[in-house]
Amino acid sequence: MSTSVEPNETEALLRKQNDLSTTASIEEKYPHQQGEAAEDDDDTLKRTQYDEAKETAESLKQVESILAPIVFTALSFFVRFYRISVNDHVVWDEAHFGKFGSYYLRHEFYHDVHPPLGKMLVGLSGYLAGYNGSWDFPSGEKYPDYIDYTKMRLFNATFSALCVPLAYFTGKEVGFSMFTTWLFTLMVALESSYVTLGKFILLDSMLLFFTVATVFCFSRFNNFNNKSQEFSRKWWKWILLTGVSIGCTCSVKMVGLFVTTLVGIYTVVDLWNKLSDKSISWTKYIQHWFARIVALILVPIFIFMLSFKVHFDLLYKSGTGDANMSSLFQANLAGSDVGGGPREVSMFHSVITLKNQGLSGGLLHSHVQTFPEGSKQQQVTTYGHKDSNNNWIFQRARGQPYYDTSGNTTDIEYIFDGMHVRLMHPQTGRNLHTHDIPAPVSKSEYEVACYGNLTIGDPKDNWTVEIMEQASDEDKMRLHPLTSSFRLKNEVMNCYLGVTGTTLPQWGFRQGEVVCYKNPFKKDKRTWWNIENNRNAVLPPAPEDFKLPKTKFIRDFIQLNLAMMATNNALVPDTEKQDDLASSFWQWPTLNVGIRMCGWGPENPKYYMIGSPATTWTSTVGVILFAFIVLYYLIRWQRQYVDFPSTNPHKLKLFLMGGIYPMFGWGLHFLPFAIMGRVTYVHHYVPALYFAMLVFCYEVESFSSRLNKPNASPVSKLLYLAIYIGLLSLVAGTFWYFRYLSWGMEGPKEDWKHLKLLESWRVSDDQYT
């Protein structure tokens, strides 16, 4: 069978043969050019594969940046929400902050050492839970059925859980690699003390949230703080948000001043560097100052003051904290018993109370007990509570005729500026008196006591009324309750009645010390007094149309903050009592002790607040190690080594934002508790721990990055992965092992003996039950 071929097909076959022959001849004549063409094809293929791999990596990076924070946040919410309502009793400081939340819902004024924002948020949680504020959260009591305490706890736990995504994004902004960011985020998510505190109605999670937010915002701002982006919208956005976060942190607890100082250090360094940059004009440099003054000073102050304005507006009824404010402020509270008497003060007939206008305030007080040393006469103190021993009566000065008490009520002697008087204590019949004897505590001033009676005494009983200010439009020469500020000068000793702010020892019932100041300056409010209550059966009541002047917000704001400071300074350890919950600063980073947060009987779940060994111990080692790292770099810098070349700005940024500033943050939040005199507790380490974990993760990043260089061997890359897998597993495994310290240990304490890692942990022992 023959095969026929069409002419066109024949031509095609011939052309193909010729092409093949031509190609073969070219390859034979120019073999090196053919090799180069093959190499070009290989390079093109490699570039294509590289581009595809790069696109894949970028896609995975984008997926990770979305998926990872979601996963970590979900984990954080789970460990904090799980078993959150299993203990239906008031746990630990819920007794304080739950009660403060109730005051907001009842609008009753109260006093506390902390600023109001966190407690107003507690009140908000109660409002959202449908609670009416009628319960005072007695310690250890079971929650009534009408209080949805679970919702209130969930509200607080949300602040704790939201620290985790902020930690993730902070790690990214600082410059951590993906695995280091995961490690840092997991440490925050599974830190036992964070989880435990996040389950209850407390302020610590709110404080931590706003602290973490401040660190994130200023880390984010740092990445826009360069010449190409300065004063851009994002630059302004993040510096303003940093200021808002600072204001919120300080409005929860005054500990926020520590993170404020950290941002201040960063700002000073930044402005100093800009000052030495000759490319920045003076106009632009001044603009940098202006921006920071507005965003980092004025905005936080505004937020802080705004929280107090809302605080005053919400608490418009008389409550338990009235005595810490001025008499005029108290009189303007609804339901107050202050300020209801006559508007004039008269000799003998007016039974008055005297309120000091100094920092510690208090009402002038006396009782039958005497000073153990000095004159050994009847004690005179200041007292913050209502008491009949706070009452005083004006009498004529020693040497003048006694006031006629035969029943003539028409001859009224009003108290006026410059008048010489005696002050008699009606409960004991003795006169307010001073003499050349040192005060019991403040030895440089004169002692004030009560001495004699109506007929027995001497000229040192005499005092001169000096009116300093009048807040109303009434007769400026007369003494008026609430609105007249005055001093009392002893004629013989030439000194002024005042308070020191010092607390007397136990023999003085821990009441305030009263002295006679030898040389006070005229505006010293410790020597200023006003009449708070005025009972007088002879004088008519205040006119119906009379309205007390309102106090000014600024004055109330300053006074309340001074009162908060005074109360905080008074929280010193009592050597005569044992505080089983108190601890020393060195015990926190070492996990030497924790806190039993509730009763330790078998009937209720028990919570032991302590840090996780996997996060606290590692971060403590990290802080110590970092001090040596800084010393190492300083020595090398002194020897003119360049460890942070300008060609690698990422290394310097990572060192500063991941190491130096977090180290400052740890020191600022930890060291003050080592030197302050007030009583301290484990939860005071909560913000400092966050910075310590940042320092530790920087060290992990710094070391591990050397194992993951592009030209690293497979063994190095395997070791790199092993380090992170090991650390992540350690953090997760440690939390899981100790999880019921945070989730609640049910049954007898002996069943949980295996969780007692150190002998000092009071998990299963009978001590301090």
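Placed from the backbone N, Cα and C atoms, the Cβ positions cover glycine too.
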Could you check Swiss-Prot and say which of N226, N711 is marked as N-linked glycosylation site?
N226
Just to confirm what the record says: which one of N156, N453 has N-linked glycosylation site annotated in Swiss-Prot?
N453
Measuring Cα to Cα, tell me the gap between N453 (N-linked glycosylation site) and N462 (N-linked glycosylation site) in whole angstrom.
13
Since the record lists N226, N324, N462 as glycosylation sites, which of them has the fewest other Cβ atoms within 10 Å of its Cβ?
N226
Remote residues contacting the transmembrane segment (252-272) - C-beta distance under 8 A, at least 6 residues beyond either end:
114-115, 117-118, 203, 206-207, 210-211, 214-215, 218, 222, 225, 242, 246, 288-289, 292, 296, 300, 564, 568, 661, 664-665, 668-669, 672, 684, 687
Note down the number of other Cβ atoms within 10 Å of the Cβ of N453 (N-linked glycosylation site), including every protein chain shown.
13
For the domain 'MIR 2' (412-468), DSSP counts of helix, strand and coil?
3 helix, 29 strand, 25 coil
Spatially, which candidate from the glycosylation sites N132, N324, N462 is nearest to N226 (N-linked glycosylation site), comparing Cα atoms?
N324
In the domain 'MIR 1' (342-397), how many residues does DSSP assign to helix, to strand and to coil?
3 helix, 27 strand, 26 coil
The transmembrane segment (718-738) versus listed stretches 176-194, 655-675, 679-699: most Cβ pairs under 8 Å:
176-194
May I ask for the residues of the chain that lie six or more residues beyond the transmembrane segment (288-308) and have a Cβ under 8 Å from a Cβ within it?
115-117, 120, 230-231, 236, 239-240, 242-244, 246-248, 250-251, 260, 263-264, 267, 271, 274, 280, 557, 560-561
Surrounding CB atoms that lie within 10 Å of the CB of N132 (N-linked glycosylation site), all protein chains:
12
